[in-house]
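Copied over from Swiss-Prot:
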type	residues	note
CARBOHYD	ASN163	N-linked glycosylation site
CARBOHYD	ASN202	N-linked glycosylation site
CARBOHYD	ASN267	N-linked glycosylation site
CARBOHYD	ASN288	N-linked glycosylation site
CARBOHYD	ASN315	N-linked glycosylation site
CARBOHYD	ASN330	N-linked glycosylation site
CARBOHYD	ASN375	N-linked glycosylation site
CARBOHYD	ASN428	N-linked glycosylation site
CARBOHYD	ASN587	N-linked glycosylation site
CARBOHYD	ASN611	N-linked glycosylation site
CARBOHYD	ASN635	N-linked glycosylation site
CARBOHYD	ASN657	N-linked glycosylation site
REGION	45-82	region 'N-cap'
REGION	690-707	region 'C-cap/acidic domain'
REPEAT	89-113	repeat 'LRR 1'
REPEAT	114-137	repeat 'LRR 2'
REPEAT	139-163	repeat 'LRR 3'
REPEAT	245-268	repeat 'LRR 7'
REPEAT	269-292	repeat 'LRR 8'
REPEAT	293-316	repeat 'LRR 9'
REPEAT	391-413	repeat 'LRR 13'
REPEAT	468-492	repeat 'LRR 16'
REPEAT	493-515	repeat 'LRR 17'
REPEAT	542-560	repeat 'LRR 19'
REPEAT	561-584	repeat 'LRR 20'
REPEAT	599-623	repeat 'LRR 21'
SIGNAL	1-44	signal peptide
TOPO_DOM	45-707	topological domain 'Extracellular'
TRANSMEM	708-728	transmembrane segment
Amino acid sequence: MRSKAKGLVRPLITKPVQPLSSHMHLFLLCILFLSALFLTLSEAVCNLQDRESLIWFSGNVSSSVSPLNWNLSIDCCSWEGITCDDSSDSHVTVISLPSRGLSGTLASSVQNIHRLSRLDLSYNRLSGPLPPGFFSTLDQLMILNLSYNSFNGELPLEQAFGNESNRFFSIQTLDLSSNLLEGEILRSSVYLQGTINLISFNVSNNSFTGPIPSFMCRSSPQLSKLDFSYNDFSGHISQELGRCLRLTVLQAGFNNLSGVIPSEIYNLSELEQLFLPANQLTGKIDNNITRLRKLTSLALYSNHLEGEIPMDIGNLSSLRSLQLHINNINGTVPLSLANCTKLVKLNLRVNQLGGGLTELEFSQLQSLKVLDLGNNSFTGALPDKIFSCKSLTAIRFAGNKLTGEISPQVLELESLSFMGLSDNKLTNITGALSILQGCRKLSTLILAKNFYDETVPSKEDFLSPDGFPKLRIFGVGACRLRGEIPAWLINLNKVEVMDLSMNRFVGSIPGWLGTLPDLFYLDLSDNLLTGELPKELFQLRALMSQKITENNYLELPIFLNPNNVTTNQQYNKLYSFPPTIYIRRNNLTGSIPVEVGQLKVLHILELLGNNLSGSIPDELSNLTNLERLDLSNNNLSGSIPWSLTNLNFLSYFNVANNSLEGPIPSEGQFDTFPKANFEGNPLLCGGVLLTSCKPTRAKENDELNRTFLMGIAIGYFLSFVSILVVRAW
C-alpha cells in the first residue's frame, strides 16, 4: 500500500467567473446612483427661496466697477459676498457687498431671506426708499449697514397697534449714516420699541427732523453708541438720554438743538465721547461734567455757551481733545487744565477768555500737539512754558493782546509746523524771522498785524541757505512794514501762498517772484509799489499748469477776508485756496502784459486801483478757469474783447472808471454783471448800460470800404461772365 508523500500540496482548482445577470447590473447601478445622490444631498445647497430672492436682488442693481458675477449654475452659498448657515437646507445668513459701486434700488425680495443676520451694502450708490416693512420683517437681523449710499424718503417704521409693541428684534448694530433719509424718528415705532439688544445706532449725515429719539434709552438698555450728528434735529436734548447708562459715545453735533445740556447727561459714567457742536445750546458748562472721568473727547464748539470753564476740568484726566471754541465763555483758563496730561488737542478760539497764561503749567502737557487760543483777550508775553510742550505741531494765538518778542526757545519745538500769531502787538520782526527760519518743519507762518511801522530786513543773505526749508504759507499782511519787497524771499522755494498786502512796500515788483516754482497765491495789494507789471510774474509755473500735491490738510484752518466781505473765508486745505494774483491799489503804470494769457490755472486776477493803461489784452480769454477779473479804477482804453464771453466760469467782472469805449459784450456771463461794474467809461455802450451804440467814424469808413470792394468784385464777376457768353457764341 502506498503511503502519501509528505508535503504534497493539492492543486487549487478555480471555477470560471460567471457573468453578472441583468438584474445584478441594475442593482449595482441603483447603488451607485443612490450613493451619488446621497453625496450630492450631503453638500450645502442654499435654500430655494433665498436663492430666488438673491437673484431678484441682483436684478435690481448694477455696477461698472465691480459687477456681481453670480454664476447661476452653482450653489448660491458659494456666491461672492454670500454666507449660509450649517442647517440642512442652508439658509442665507450674510449678504456682505460693501464698496462694490452698486447702483439701483434695494429689492423687497431681501425681506424674504428670513434668517438673514447681517446685511452690509455700505459705500455703494444705491438709491430710492427702503422697502415697506423692511425693518420689522428681518427680525433675525443683527447687523445692518447701509451707510454711504443715496437712500431717500422716510424710514419704513410701522407704528405700534395692540400687542405689536411686544415684538422683539435681534438687531445690535444699525448704521444708516450718510444717506438722504428724512422725516421724524417716532417714539411709537414697532421696531424701535423692540430693539432690546441694540448696541450702536447711527443715523448721522441725513436730513432727519423733529426731536432726537431719546426714548431709545428706555427700549434699548444696551446702547453704547448714539450718533445723530449732521441732521436737522431740533428741540431740547431730552433728560431721557440719562437712562443710557452704558453709553460710551453720544454725538448730536451740527443740528438745530437748543436749550441747556441736561444734568442727567453727567450721570453717564461710561461716556467717552460727548460731541454736541454747531447747535444753539445755551447756558453754562456745569461743573458736574467733571464726573465723566472716562471722557476722552469733549466737543461743544459753535454754540452759545457762556460762563467759565469748570475749575475742576483737570479731573477729566483721560481727556485727549477739548474743543470749546466759538462760544461766549469768559474768565481765565483754569490752572487745573494742566492735570489733563493726555490732552492732544486744545481749542478755545473765539471766546471771551482773558488774563495771562504764564501761570498755566504747559510743561505737564507733553502730549499736546494742537493749541488754538486765538481771538480772545489774553495779555502779556507769549508764555515760555509753551515751548516745553515738545509734541506741539500747531500753535495759534492770533487776535489777542500779546506783547513782546518771539523767544529763541521756540526752536525747542522741533515738530512745529503751524504758527499763527497775527493781530497782536509783537515787536522786532527782524529778530522773529531770524529765529523762526530755524524751525525746520515750519510750513505755515502767519505774522500779520504785528510789528507796526518796522523796516523789514531786505538783503538776500538775511535768510540762511537752509532757512525756512519747508515753508509753504507765509503771511505778513497789514503790518505797515517799510522798505522794498525783501530779496531773501527768492529763497523760499517751497512757498505756495504769500501775503504781503497792506504794508508800505515801495519800488517795483521784482521779476524774480515769477521764478518761485510753487507759488500760486500772491497778494501785493495796498502797498506803494510803482513801475510796470513784470512779464516774469505771469510765468509762475504753478499758475500755468495744475500741480498735484500731498500733505494738503492744514493743522488748523486759515481765515482770510480778501474782498472785505462780511465773513471770513475758512480754508482747511492748502489747495482750497483759489489760484490768485491780487495787486490792488498800488501805483503801477504801463500795460497788462500779454503773457497773462499763460496762467491757465488762475481763478482770480484783481489789478484795480492802479494807473494801468493800454487795452485789455485779448489773451485773457485763455484763462478758462477765471472766476474773478477786476480791472476797475485804471486808465485802460480800447474795447472790451468779445472773446471774454468764452470765460464760462467768470462770475465777477469789473472795469468801472477806465476809458473804455464801444459795445459791452452781451453774450455768456456778461448779461449778468451789474451796471455799476461798467460805469465811469463814457464811451461804453450797449449791454447792461441799455444805451444804443452809434457807429463811429472808423466804423462808417469800414462800411464804405466794404461797399466799394464789394462793387469792384461784382463788376469783375459780371465782366468775366460776359466774356464767357461771347466766346460761347
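Even glycines carry a Cβ here, placed using N, Cα and C.
These numbers come from a predicted model, not from an experiment.
Ranked by the number of CB pairs under 8 Å to the repeat 'LRR 17' (493-515), the listed stretches 269-292, 293-316, 561-584 are led by 561-584. Fewest other C-beta atoms within 10 angstroms, among the glycosylation sites ASN202, ASN267, are seen around ASN267.
You'll find the Cα of ASN375 (N-linked glycosylation site) roughly 12 Å from the Cα of ASN330 (N-linked glycosylation site). For ASN657 (N-linked glycosylation site), the nearest of the glycosylation sites by C-alpha distance turns out to be ASN202; the candidates were ASN202, ASN288, ASN315. For the glycosylation sites ASN315, ASN330, ASN611, the ranking by surrounding Cβ atoms (within 10 Å, all protein chains) places ASN315 first. Candidates ASN202, ASN315, ASN611 (glycosylation sites) were compared with ASN587 (N-linked glycosylation site); those inside 10 Å Cα-Cα are ASN611. Across the structure, ASN267 (N-linked glycosylation site) and ASN611 (N-linked glycosylation site) place their CA atoms 68 angstrom apart. Under DSSP, ASN611 (N-linked glycosylation site) is assigned to coil, being neither helix nor strand in the three-state scheme.
Remark: secondary structure over the repeat 'LRR 7' (245-268) totals 5 helix, 7 strand, 12 coil, with classes taken from DSSP. ASN611 (N-linked glycosylation site) has ASN635 nearby among the glycosylation sites ASN288, ASN315, ASN330, ASN428, ASN635, counting only those with a Cα within 10 angstroms of its own Cα. Reduced to three states, the DSSP call for ASN315 (N-linked glycosylation site) is helix. In sequence order, ASN611, LEU612, SER613, ASN658, SER659 make up the list of same-chain residues 6 or more apart from ASN635 (N-linked glycosylation site) whose Cβ falls under 8 Å from its Cβ. For ASN428 (N-linked glycosylation site), the nearest of the glycosylation sites by C-alpha distance turns out to be ASN330; the candidates were ASN202, ASN288, ASN315, ASN330. Neighbours of ASN428 (N-linked glycosylation site), defined as other CB atoms within 10 A of its CB across all chains, total 15.
Cα separation, ASN288 (N-linked glycosylation site) to ASN330 (N-linked glycosylation site), rounded: 18 Å.
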